[in-house]
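Taking it in order: structure first as structure tokens, then the write-up.
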Amino acid sequence: MPVHVVDHPLVRHKLGLLRQDGLSTKDFRQLSNEIARLLTYEATKDLDTDKRIIQGWAGDVEVDNIHGKTLTVVPILRAGLGMIDGVLDMIPGAKTSVVGFYRNEETLQPVEYYVKLAKNIDSRMALILDPMLATGGTLMATIQLLKDAGCKQIRGLFLVAAPEGLERLEKEHPDVDVYVASVDERLNEVGYILPGLGDAGDKIFGTK
Ligand code: URA
């Protein structure tokens, strides 16, 4: 499972701004989307393109073209929605597949409550969006759901990941590539990433 830490000055700078306590909802959302754009750039670096001839201002010109029906973007509700605008800025034609899970308080397992996948998902690369890869429970459930639907190529885009979540992903789904702005130190006793960002969902939606 290659982990691509997108080590770019813009990403490091924006992530530094995002870690600032007391940031406004507007700034948190804007920075999350700006980083998501840069992660998308890296995560789509190896997409196949076709050549085609178009009519340019001075006659025929050969241009590159990404195949149709190539991608689906998969935000995990609700925090994943905080990255979707940035990703779709870069790939506006991508279809969006939305998934939502809640945690069963007895079994502690994620239970799906909303799933709406793009058509032809078996022939698309899925880009899962979640700002935080913490314990990885919801991510594992999302990957399994996508694989059960026939999806063969899956990548995950995260703002921040914990080593514990990455280790679990490596064990359970070594075929899934990860694009992340930072791998942080560790999880605290209640599953928050340190130094992390705090509750990303609350910060994106202004619910705290
Ligand atoms: N979800 C968050 O929003 N933050 C964390 O640190 C971990 C999970």
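Glycine is no exception: its Cβ is also placed from the backbone N, Cα and C atoms.
These figures come from a predicted structure and were not determined experimentally.
According to TrEMBL, the protein carries these features:
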BINDING   ARG78, ARG103, ASP130, PRO131, MET132, LEU133, ALA134, THR135, GLY136, GLY137, THR138, ASP199  5-phospho-alpha-D-ribose 1-diphosphate binding site
BINDING   ILE193, GLY198, ASP199, ALA200  uracil binding site
DOMAIN    5-207  domain 'Phosphoribosyltransferase'
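The binding-site residues recorded for this entry are ARG78, ALA134, GLY136, and the Cα of ALA134 lies nearest to that of GLY198 (uracil binding site). Candidate binding-site residues: ARG78, ASP130, MET132. Nearest to ASP199 (uracil binding site) by Cα distance: MET132. The two recorded residues ILE193 (uracil binding site) and ALA134 (5-phospho-alpha-D-ribose 1-diphosphate binding site) have their Cα atoms spaced 6 Å from each other. For ligand 1, the nearby binding-site residues are ILE193; that is, of ARG78, GLY136, THR138, ILE193, these have a C-beta under 6 Å from one of its atoms.
The Cβ of GLY136 (5-phospho-alpha-D-ribose 1-diphosphate binding site) has GLU164, GLY165, LEU166, ARG168, LEU169 as same-chain neighbours under 8 Å, each 6 or more residues away in sequence. Residues ARG78, ARG103, ASP130, PRO131, MET132, LEU133, ALA134, THR135, GLY136, GLY137, THR138, ASP199 are recorded as binding 5-phospho-alpha-D-ribose 1-diphosphate; their most distant pair of Cα atoms lies 18 Å apart. Ranked by CA distance from ALA200 (uracil binding site), the binding-site residues ARG78, ASP130, MET132, THR138 have MET132 at the top as the closest. Under the three-state DSSP scheme, GLY136 (5-phospho-alpha-D-ribose 1-diphosphate binding site) falls in the coil class. Per-residue confidence over the domain 'Phosphoribosyltransferase' (5-207) averages out at a pLDDT of 96.
Excluding ILE193, GLY198, ASP199, ALA200, which define the uracil site, the same chain contributes PRO131, MET132, TYR192, GLY196, LEU197, GLY201, ASP202, LYS203 within 8 Å (Cβ to the Cβ centroid), listed in sequence order. For the binding-site residues shown (ASP130, ASP199), fewest C-beta neighbours within 10 angstroms: ASP199.
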